[in-house]
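Here's the structure, in structure tokens; my notes come after.
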Amino acid sequence: MTLEIEQFMCRSDNFGILARDSETGITALVDAPEEQAILEAIKRTGWTPSLLLITHHHADHVEANLALKERFGLTIIGPAKEASKIPGIDRQVNEGDVVRVGNQEARVIETPGHTAGHITFYFAKAGIAFTADTLFALGCGRLFECKPPVMYESLKKLVELPLETVIYCGHEYTESNARFALSVDPTNSALKERAKKIEALRREGRPTLPTTLGEEMATNPFLRCHDPVLRNNLGMKNAADVEVFAEIRKRKDVF
């Protein structure tokens, strides 16, 4: 019994995701960035979704909600805190709620920061987390609606998941994130090696996702605020971890 994943590109850099319970065939779509790309993925796989799991209200994640709901009769599930901004929402969920996709269960983790109501769907048995625009490969989402401490606490929740957790993110930002990460953590050998692999993947037109939590904790500066070398690079040897996070986010915003 597994959760099968089909990841595909939407718009310019969004990821679309179909997640199928192999035992029952029940399929969920994670966010709805673009109708046409999603329809092509459904046709290609033969996986017809009955659920749409929404992580947050931004237009590039909900644009196709209503069209897909009309076509497939989808049940749309999303964050209660953003319900008024999510077209067609049927079920509002909060921290700790459980969402079933066939025989697979996802726990809702509230991960505000990018938006005030952003959520992550964590499938514990499958070892998969859909973090959308909270945690990226080598990055984190911009803080449009929250202050840095809010996102910092959300990331602290995510790093409590098992290191082998497979992370699916909302965008293909990894190559630019790698360049920034190297600017603040240039002596990190794991990061330097990873950056080379990322460059090669993108040169071939291949995606850099999914990643794993363990890989992110070794190379993602936003998850390494405690690291003495990184702190020293920033001139923040004695600062609180949350202050280090805020400084890294500030630098990334203008990088």
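Cβ coordinates are placed from backbone N, Cα and C, and glycine is handled just like the others.
The shown structure was predicted, so the numbers you read here are calculated from the model rather than taken from an experiment.
Marked as Zn(2+) 1 binding site by Swiss-Prot on the basis of sequence analysis: His56, His58, His114, Asp133. In the three-state DSSP scheme, Asp133 (Zn(2+) 1 binding site) falls into the coil class. The local packing around Asp133 (Zn(2+) 1 binding site), expressed as other Cβ atoms within 10 Å of its Cβ over all shown chains, amounts to 26.
For Asp60, His61, Asp133, His171, the entry in Swiss-Prot reads Zn(2+) 2 binding site, with the evidence type sequence analysis.
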Residues within 8 Å of the His56, His58, His114, Asp133 Cβ centre (excluding the Zn(2+) 1 site residues themselves): Thr55, His57, His61, Thr115, His118, Ala132, Thr134, Gly141, Phe144, Gly170
